[in-house]
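Here is the structure we will look at.
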Amino acid sequence: MRPNVARVALPVPLDKQFDYLVPAHLFPVVGGRVSVPFGRQTLVGIVTQFSHESDFPIDQLKPIKAALDTQPVWSTPLYELIAWCSQYYQHPLGDTLSNALPSALRKGKAAEFAATVEWHITEAGKNQLMAGFGRAVKQAKVMHMLESGPCNHQAFIDNEVSTSVLKTLTEKGWIDSQEKQAPRTSWPENMTNEPVDLRLNAEQAVAIASVNSQNEFGCYLLEGVTGSGKTEVYLQMIRPVLERGQQALVLVPEIGLTPQTINRFKKRFNVPIEVIHSGLNDTERLNAWLSARDKVAGIVIGTRSALLTPFADLGIIIVDEEHDTSYKQQDSLRYHARDVAVMRANKEQIPIILGSATPSIETLQNALSGKYHHLILSQRAGLAVPTTNKVIDVKGQYLEAGLSAPLIAEIRRHLELGNQVMLFLNRRGFSPALMCHECGWTAECRRCDAYYTYHQSSNEIRCHHCGSQRPTIHQCESCGSNQLVTVGVGTEQLEAQLESLFPDFNTIRIDRDSTRRKGSLESALDAIKKNEYQILIGTQMLAKGHHFPNVTLVALLDVDGSLYSSDFRASERLAQLFIQVAGRAGRASKPGEVLLQTHHPDHPLLQSLLHKDYRHFAETVIEERKMARLPPFSFLTLIRAEANNSHDVETFLRQVRHSLEAHPLFDHQSMVLGPTPAPIAKRAGKSRWQLMLQVPTRSLMQKIVTSAKPVISQLPLAKKVRWSMDIEPQDLS
Ligand code: ADP
Ligand code: ZN
Ligand code: ZN
């Protein structure tokens, strides 16, 4: 008899699965989706096994409502990889599986290509284009978009066109739409457009040859400064993979910032390329997913979430900018896409290439120790020349909105030569605090252990931790004085200061506030490229992936915070930012200059960065980490907890500590630090504490947390506090 009990993993925050009856007329499969009743809802889950028995009385089980797939959703290796993620990162299986699906499948849609709607202009519309649209600017915008070719829905969303405009224009008969089936093209004979006039240098040739001779698992670090030809190497590694009929997965930190790279892939290869990122709508995402699964696409380029895309026949994985922090997810399933990508390559027995100008300390150590192959590109392929790097000692100097006099002079010099300058300050808003000049009282968020940031443009004070905001205050809440002053400098103030210092030049600010609107980052970057702005101000956001050849001066305004941070990775991140911006400043005809403002010009890490190179810096850091037994020389798990009652949180974490230390393999080489208050001890009204487990090996960490987790979940206080486990945390706050 067919087993009539199905065990189903559901997208709920519980570490268990649920049994359902399989009605005689339904034929679900293991690894396929089913929809089932759950409380008053209907959920979509994945069948993990069939059985004849259940821990519950069989006659009380509810029946499956529908079987949604006739085939497993994933191949066995990919399913195992997702299950491994769930286990390794201590996140419930059902939720992990569900999150690996495109949302259309999560909602129970069929796993088939869905039609996308495409809009085009009609003959009547073309006539109208000549007549114009009078004051109907929104309509004119749509018509002009369509004038240059058909658009899909996403294009309208990106350009903030509302559906009502489309409706009006359709009713007028000026535009029309049709459903477009995703093309099922096969790959052409001629898959590659060979670059003309390009001779690989010796290091590139070696890198390509070592990977191309490999068709089993191997992990390669491709270390090379910006412009050393890494992308060219990726392209030439992918070519033989496609020719063998296999596919390629390329992970990048952020799609919006890498249009040039994507265009290079599209120019080089004539196979379909799918680009997967958070801006896709449900249909587009499903189509991209299916296109990879059914081998319509030859190449998938995507951000972190593209990692678990199914492929008919994956032949290579490339992780560009492998050190980038966006590869680590900071909530829910707290996975590191780079690390899981290495695991995937291992399971699928294919090569993986981790590329960076500034490899993470973890990856570099793996390469130096021989665990990974180390490929180095030491020469710049293009015409770029090294920058001049200097520190400006600001000890005792007067700073105008964070700018020292020597820096202002340099900015003036570069601007007068007709160049662009780029200034980094990792603090948005006008100033990070608002203080009473009479009594020292400082405006503090009522719900967080943090000061309000003053935002002049909106005349508000905002808490950057809980997002609360209110109109700015003009009176001290302690002594009643109206002598309120701003303390410290944010990007907004810097912008205002530069505008008044250099009224003849245009200033633009790139941070989370100025780029909130969709598409505004892209258009700002475009305007910078067209030289519409000469002074560029930004947070780290501005550093990622851009190439502005006309920028000849880059300044990091406040590096001291990173040199003396409580986060042991802060100096690594500073070095990565520095190399990244230095790698992009200037070119042969316009040499670049990088300036760092600091109170600690002699700091050894700064000195090694300025006068040696990233590798020298990184090797110093590796030695420090080894001495301090920090990652990669130990493995960390961060347990965070929060609740209204501080005492509950602390007590809970103390109990957690006991259950970790109770493990028989926990010995003198292992350590639990805490409970300690989190760096932001209170947020949105909740007290926050944390606990750090530090052990010598990854397998020991897994054993300890795996056996402690069910015990922790059963603690009575576990119901009163919100808690989470972050395996190999990247952000310690
Ligand atoms: P990266 O990805 O390391 O920044 P790219 O691959 O983008 O480097 O190379 C930088 C520039 O140099 C590109 O314009 C690329 O086409 C060019 N390039 C790469 N390799 C060579 C080569 N061997 N000879 C000449 N130009 C090259
Ligand atoms: Zn707050
Ligand atoms: Zn006061």
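Backbone N, Cα and C atoms are what each Cβ position is placed from, and that goes for glycine too.
Curation plays no part in TrEMBL annotations; they are all automatic predictions.
Feature list (source: TrEMBL):
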DOMAIN    211-377  domain 'Helicase ATP-binding'
BINDING   Cys436, Cys439, Cys476, Cys479  Zn(2+) 1 binding site
BINDING   Cys445, Cys448, Cys463, Cys466  Zn(2+) 2 binding site
DOMAIN    447-628  domain 'Helicase C-terminal'
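Each residue contributes its Cα atom, and for Cys466 (Zn(2+) 2 binding site) and Cys476 (Zn(2+) 1 binding site) those atoms are 22 Å apart. In the three-state DSSP reading, Cys436 (Zn(2+) 1 binding site) counts as strand. Closeness to ligand 3 is met by Cys436, Cys476, these being the binding-site residues among Cys436, Cys445, Cys448, Cys463, Cys476 whose Cβ falls under 6 Å from the molecule. Spatially, by CA atoms, the binding-site residues Cys445, Cys448, Cys463 include one closest to Cys476 (Zn(2+) 1 binding site), and that is Cys445.
Of the listed binding-site residues, namely Cys436, Cys445, Cys476, Cys479, the sparsest CB environment within 10 A is found at Cys479. Around Cys439 (Zn(2+) 1 binding site), taking its Cβ as the centre, 13 other Cβ atoms fall within 10 Å, counting all chains. Within the set of binding-site residues Cys439, Cys448, Cys466, Cys476, Cys479, Cys448, Cys466 have a CB atom less than 6 Å from some atom of ligand 2. Within 10 Å of the C-beta of Cys448 (Zn(2+) 2 binding site) there are 22 other C-beta atoms, taking all protein chains into account.
Nearest to Cys448 (Zn(2+) 2 binding site) in space, judged by Cα atoms and limited to the binding-site residues Cys436, Cys439, Cys479, is Cys436. Cβ neighbour counts within 10 Å, taken over all protein chains shown, single out Cys463 as the most crowded of the binding-site residues Cys463, Cys466.
Between the C-alpha atoms of Cys463 (Zn(2+) 2 binding site) and Cys479 (Zn(2+) 1 binding site), the distance comes to 22 Å.
Across the fold, the C-alpha of Cys439 (Zn(2+) 1 binding site) and the C-alpha of Cys445 (Zn(2+) 2 binding site) stand 18 Å from each other. This prediction places the mean pLDDT of the domain 'Helicase C-terminal' (447-628) at 88. DSSP gives Cys476 (Zn(2+) 1 binding site) a coil state; it is part of no helix or strand.
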